[in-house]
Each structure stands twice: as structure tokens, then as C-alpha cells.
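Structure record follows, encoded as C-alpha cells.
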Amino acid sequence: MPTPSRTGSTAGPFARFTTTAANALGRPGMFLLAAALIVAWAVSGPFLDFSDTWQLIINTLTTLITFLMVFIIQNTQNRDSAAVHLKLDVIMRRLDVQDPDLYDAEHRSEEELEAQDELITPRSPRQ
């Protein structure tokens, strides 16, 4: 069986950036850095007389970082989801799954998915 290669990726610059950013931002060191920045901000409060500017600094920074992180996380999640669906479709084809309702199930409503689950999931009789 061939081994998947990560070289020769055709991902565009934004996809490469978001993957790198998400990987870096998800590390424990980044959490510690964020916690240290919050502590430094809190410690600076008495020296800045807890002014409006002091409060505005943390509010602005957290708002901007949160806003940008939403797009980074969503982009990486969309690509991961598409890759998982592709891999599952390949497995279903290899297993010769004949039920057309299972293909592209991600495009169905929650009610349709629950109804399909009831058809294929064995239930134990109630006692």
C-alpha cells in the first residue's frame, strides 16, 4: 500500500498559512504566552491607573485575535472535513456500499439523517 506523501501539496498560500497558524496556535506554548500576556496586562493596571486606555488595550486585542481566529479555524476545519468525506467515500466504494442515501449524507437535513440512522442501526428490544 502506498504511503501518503505530504510533499508536493497543491494547497494555496492562504490554506498553507491557516494550517501553519492553526498548528502553531494550538500548541501549549501559545496558551502559556497568552496567559503571560494577560498577567502582564493585569500587573500593568496599577501603573496605568486602571485607565480606559488600559482596558481598551485588552478589549481591542482580544476582539481582533478572536475575529481572525474564527476564519483560520473555519478554513482548516472545512478542509479537514472535505478530506474526511473523500476518504469515507473511497472506503464506501471499496466496500461496495449500494445504498445511495449514504453517499453525500452531509447534504441531508438532521431529520433525514436520524431517519437513516434508525434504519441502519440495530436497536435492542425494550424490556
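These residue numbers are counts, starting from 1, taken along the chain as shown.
Every residue gets a Cβ built from N, Cα and C, even glycine.
Database features, via TrEMBL:
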- 106-127: region 'Disordered' (REGION)
- 30-48: transmembrane segment (TRANSMEM)
- 54-73: transmembrane segment (TRANSMEM)
Which sequence-distant residues neighbour the transmembrane segment (30-48)? Criterion: at least 6 residues beyond either end, Cβ under 8 Å.
24, 54, 57-58
Using a Cβ-Cβ cut-off of under 8 Å, list the residues of the same chain that are 6+ residues beyond the ends of the transmembrane segment (54-73) and lie near it.
18, 21-22, 25, 38, 41, 44-45, 48
